[in-house]
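Listed features, source Swiss-Prot:
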type    : residues                       : note
BINDING : GLU24, GLU57, GLU110, GLU141   : Fe(3+) 1 binding site
BINDING : GLU57, GLU107, GLU141, HIS144  : Fe(3+) 2 binding site
BINDING : CYS171, CYS174, CYS187, CYS190 : Fe(3+) 3 binding site
DOMAIN  : 1-159                          : domain 'Ferritin-like diiron'
DOMAIN  : 166-204                        : domain 'Rubredoxin-like'
Amino acid sequence: MINNFFVINMKETLKNLTKAYIGESLARNRYTCYAKIAKQEGYEQIAEIFLLTAENEREHAKWLYYLITELKKKYNIDDKAIKVDGVEVPIVLGNTAENLKASIEGEHFEHTEMYPKFADIAEKEGLKEIADRLRAIGIAEKHHEERFKKLLKEVEEGTVFKKDKPVEWVCRKCGFVHLGKEPPEKCPSCSHPRKYFEVKCEKY
């Protein structure tokens, strides 16, 4: 049972961390679902990027959960649950283009509104380390949005497997490299279909 005294008087940051934790946890599961759809539609690389982003969100959620438990200790809150209002749950599940659009919208909201607002509140409450952590997570979400935008552009323009000029395509299964505007229908090295090719991009 939640103690009403603490619900009314707990720091706003504790509520915000809980909202963010819920959001990151849900995003992780959505991206996992989106990865399966991308794979079914022949977008192997996009599927992997969804899974990579899901893992990023898992890491965010882990840190948020840690910060929540630390604040509970600080304020001597023994309750086993925190009640928060105003949590919206995205339920978009469409094709890859639709899923990318929904992902872009979510990531944009997080890095332009949610995390900056939550960080400012935390700083006002004297929780600078938490504020810094929230701003850092926001930077990661900005990167997610930028990456999803690039992928959406390619899906909508039909250029995932077709470029204007010859580029190097690398097979994601065996590493074979092909030079051309499009990848081969089948990898001559391992026989995997063209959906396993991606543009070679290596900067070390």
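Numbers run from 1 along the shown chain.
From the backbone N, Cα and C atoms, a Cβ is placed for every residue, glycine too.
Positions of the features from Swiss-Prot, shown on the structure.
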| residue | record | Cβ contacts under 8 Å, 6 or more apart |
| --- | --- | --- |
| GLU24 | Fe(3+) 1 binding site | GLU57, ARG58, HIS60, ALA61, LEU64 |
| GLU107 | Fe(3+) 2 binding site | GLU141, LYS142, HIS144, GLU145, PHE148 |
| GLU110 | Fe(3+) 1 binding site | GLY23, GLY138, GLU141 |
| CYS171 | Fe(3+) 3 binding site | VAL177, HIS178, CYS187, SER189, CYS190, HIS192, TYR196, PHE197 |
| CYS174 | Fe(3+) 3 binding site | CYS187, SER189, CYS190, HIS192 |
Local backbone state of CYS171 (Fe(3+) 3 binding site), from DSSP in three classes:
strand
Please count the residues of the domain 'Rubredoxin-like' (166-204) that DSSP assigns to helix (H, G, I), strand (E, B) and coil.
3 helix, 14 strand, 22 coil
If you count other C-beta atoms within 10 angstroms, which of the binding-site residues CYS187, CYS190 is the most crowded?
CYS187
